[in-house]
Every structure is written in structure tokens, then in C-alpha cells.
Amino acid sequence: MTVAVVRFGGSNCDRDAVRALAHLGVDAAVAWHDDGLPADTDGVVVPGGFSYGDYLRAGAMAAQSPVVAEVRALAADGVPVLGVCNGAQIGCEAGLAPGAFTTNASARFQCERVHLRVENATTPWTAAYSEGDVLEIPIAHGEGRFEIDDDAYADLVADDRVLFRYCNADGEVTEAANPNGSTGAVAGVTGDRDHVAVMMPHPERATLPALGATDGQGILGAFA
């Protein structure tokens with residue numbers, strides 16, 4: 001599989017993603033947004049950062065880029081697409097996934113390791129885990145609060161499209177374990193089909209043993 005890691009002006013996690021994927025044996029390379037996606041692309045990561053300085057809303061400007069239209073077209077053809085942090089914001093703004101990511105309830109940038117509970121282990125992104133598994137994955141965001149209206153949230157849950165929820169080390173979903181005030185403590189969801197996903201935590205920062213955590217390997221392993 002050849003994975004394109006899309007870089008916008010302000011992206012800063014693209015090389016991290018490439019290195020993490022390479023560690024898993026995946027052929028990955030950075031694709032500058034103005035150049036479009038390589039013809040042989042059969043996987044896409046939209047990485048973290050601050051595309052276009054987060055002006056208007058985080059991810060709003062990048063979502064209008066022509067390369068995102070290419071990503072949508074590939075997603076429609078069944079190509080796996082993962083948006084991480086700013087990439088998750090872009091994905092929601094572009095309609096690849098439901099909801100939106102807004103300012104943290106704390107109104108602060110938060111950079112820390114958190115725990116995630118696997119809610120659905122039947123997707124490509126979670127097939128390496130079992131339902132209820134607890135992962136330790138870092139976050140680093142100021143606008144990571146997942147928000148969605150009540151009816152859409154009910155549909156999301158009913159359709160089993162929640163991938164991860166923030167939890168404590170024992171797997172309990174509590175207010176204290178929800179770092180940003182996300183609706184339902186949601187940390188990641190799928191699009192209309194489960195080969196498209198967005199998540200706020202950074203699996204690429206929990207893939208290399210040298211980083212002290214490897215729980216993210218199973219997520220990025222969907223591209224392997």
C-alpha cells in the first residue's frame with residue numbers, strides 16, 4: 001500500500017506520520033497539497049498541525065483545498081483515509097465524518113497522554129484490539145472538543161460509529177477523564193463507511209518504542 005500524508009501550510013505532524021508508518025513497513029510519503037495526490041495513492045493520512053494558522057476555524061480553510069476533493073473521491077472509492085488532530089478537524093469540515101471539533105472546555109491547549117477505550121473493534125482501525133481495550137495515546141490540541149447535536153449523536157451511537165472514548169486507566173468513562181469536554185467523551189469516529197475515520201489523539205506518537213508507547217500501532221496498522 002502507498003500512503004499519501006497530506007501536508008498543508010502549517011502542518012507539523014506529517015513527518016511523524018511517515019516515520020511511524022515506515023516503522024510498520026508501510027510505504028508512505030508526504031504529499032504537498034498544491035501538488036495533489038500521487039497517482040498510485042491507495043491510502044491517505046491527513047495529519048496534525050495548524051493548517052493555515054487555524055484561521056476562521058481549525059481545518060476550515062484546508063477543507064476547501066482541491067486536494068481534499070481528491071481525498072473525498074478516493075474515500076468514495078473505498079480507499080482508507082485517516083484524519084488525525086488537525087486532520088480530524090479538516091475531515092469533519094470536509095464532510096468526511098460527522099460533528100465538529102471546537103475549543104476545549106478548558107479554553108487551554110492541552111498536551112498530555114490520555115487513555116482511550118475501544119468502542120468498536122470491527123473496523124480496520126480497531127481490528128488489532130478487542131472491544132473495551134484501553135489504549136494510552138497522546139493528545140496535543142486547543143480545539144479538540146467533539147461536538148454534535150443530540151439526534152446526530154444518537155444515530156452515531158446506534159450505527160456503532162464511535163471508535164474511541166476518553167476514559168481513565170481502568171476503562172471508565174468519567175468527566176475527569178474527558179480532557180476537552182467532548183460530547184459523550186468521543187475521541188474518534190468513522191465516516192459513513194468504516195474505512196474513513198477521524199480522531200483527535202495522535203497514534204503516530206504512540207507507535208515507536210523510543211517514544212515510550214506503542215498502543216497506536218494497531219490503528220496505523222490498518223494501512224499495513
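Cβ coordinates come from backbone N, Cα and C, glycine included.
Here is what Swiss-Prot says about this protein:
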- Cys85: active site, nucleophile (ACT_SITE)
- His202: active site (ACT_SITE)
- Glu204: active site (ACT_SITE)
- 2-224: domain 'Glutamine amidotransferase type-1' (DOMAIN)
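Listed in sequence order, Cys13, Asp16, Ala17, Arg19, Ala20, Leu21, Pro47, Val84, Gly216, Leu220 are the same-chain residues at least 6 apart in sequence whose CB falls under 8 Å from the CB of Glu204 (active site). Separation of the C-alpha atoms of Cys85 (active site, nucleophile) and His202 (active site): 7 Å, rounded to the nearest whole number. The C-beta environment of His202 (active site), restricted to residues of the same chain at least 6 apart in sequence and closer than 8 Å, consists of Cys13, Asp16, Gly48, Val84, Cys85, Ile137, Pro138, Ile139, Ala140, Gly216.
All chains included, 30 other C-beta atoms sit within 10 angstroms of the C-beta of Cys85 (active site, nucleophile).
Along the domain 'Glutamine amidotransferase type-1' (2-224), the predicted structure has mean pLDDT 97. Following the DSSP three-state reduction, the secondary structure of His202 (active site) is coil.
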